[in-house]
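Here the structure comes first, spelled out in structure tokens, and everything after it is commentary.
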């Protein structure tokens with residue numbers, strides 16, 4: 001009984017710890033940021049994830065097909081065939097979430113690091129030209145209404161996203177004597193995240209085991225004190241019978 005109590009307590013402590021076998025997911029980082037480029041643009045994907053000592057190999061997948069084992073994956077001149085889903089994995093990480101690459105054909109492309117923003121986040125839109133040709137008289141539009149004009153090619157910056165920034169955006173500018181427009185991109189602004197119990201989800205697999213251990217601990221403790229009372233009562237009964245025997249003539 002004395003040995004059972006400490007072992008149960010140790011099991012309770014161990015059950016609260018995350019499993020050491022769970023590996024973090026690798027993360028794909030793209031340069032330039034976002035997932036929209038024009039043909040002949042260069043793109044670099046970097047895989048963030050731990051590797052065993054002395055082993056720096058990385059698995060790169062394009063649409064599910066293994067394409068490289070280098071630390072990073074470089075596309076020198078993008079083509080439409082490079083569009084698709086990219087994932088990576090290192091020696092001490094799980095396969096990353098997919099990152100989409102869209103390779104577009106055109107003179108201008110509206111680039112954004114993401115299409116869904118939370119309220120309060122900054123928004124940066126860039127009017128990118130094919131082969132980085134100079135662009136003049138750049139205009140940015142939201143829902144076909146002009147929002148910004150510049151003689152040079154400067155970005156459209158919104159310090160804090162609000163609901164009125166939802167909409168369809170595109171840019172227009174002069175490349176030489178050509179008046180070109182980009183395709184439209186839908187920008188979505190979401191409200192602030194609602195607090196929830198999702199942070200507890202990683203620990204749900206451990207909760208049933210912890211509950212069982214707690215019940216065992218309670219039962220063991222109850223048995224221990226019940227045994228102590230039983231021994232104490234037995235000892236008192238034995239002492240009383242001994243005293244009564246000495247008083248006989």
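Placement of Cβ uses the backbone N, Cα and C atoms for every residue, glycine included.
Annotation comment: Swiss-Prot describes 1-16 as signal peptide.
According to Swiss-Prot, the feature topological domain 'Extracellular' maps to 17-198.
The N-linked glycosylation site annotation in Swiss-Prot covers 55 (among others). For residue 55 (N-linked glycosylation site), the count of additional Cβ atoms within 10 Å of its Cβ stands at 10 [all protein chains shown].
Annotation note: residue 63 (N-linked glycosylation site) sits in a coil segment as assigned by DSSP. Here Swiss-Prot flags 63 (among others) as N-linked glycosylation site.
The domain 'Ig-like C2-type 2' annotation in Swiss-Prot covers 119-172.
Residues or ranges marked as N-linked glycosylation site by Swiss-Prot on the basis of sequence analysis: 166 (among others). Long-range Cβ contacts of residue 166 (N-linked glycosylation site) within its own chain (separation 6+, distance under 8 Å): 187, 188, 189. When secondary structure is read from DSSP and collapsed to three states, residue 166 (N-linked glycosylation site) falls in the coil class.
DSSP assigns residue 179 (N-linked glycosylation site) to a strand in the three-state reduction. Within the same chain, residues at least six positions away from residue 179 (N-linked glycosylation site) with a Cβ under 8 Å of its Cβ are 172, 173. Annotation source Swiss-Prot lists N-linked glycosylation site at 179 (among others).
According to Swiss-Prot, the topological domain 'Cytoplasmic' annotation covers 220-249, on the basis of a curator's inference.
Residue 63 (N-linked glycosylation site) has a Cβ environment of 11 other Cβ atoms inside 10 Å.
Residue pair residue 63 (N-linked glycosylation site) / residue 55 (N-linked glycosylation site) shows a Cα separation of 25 Å. For the recorded site, residue 55 (N-linked glycosylation site), the DSSP three-state label reads coil. Mean per-residue pLDDT, taken over the domain 'Ig-like C2-type 2' (119-172), amounts to 97.
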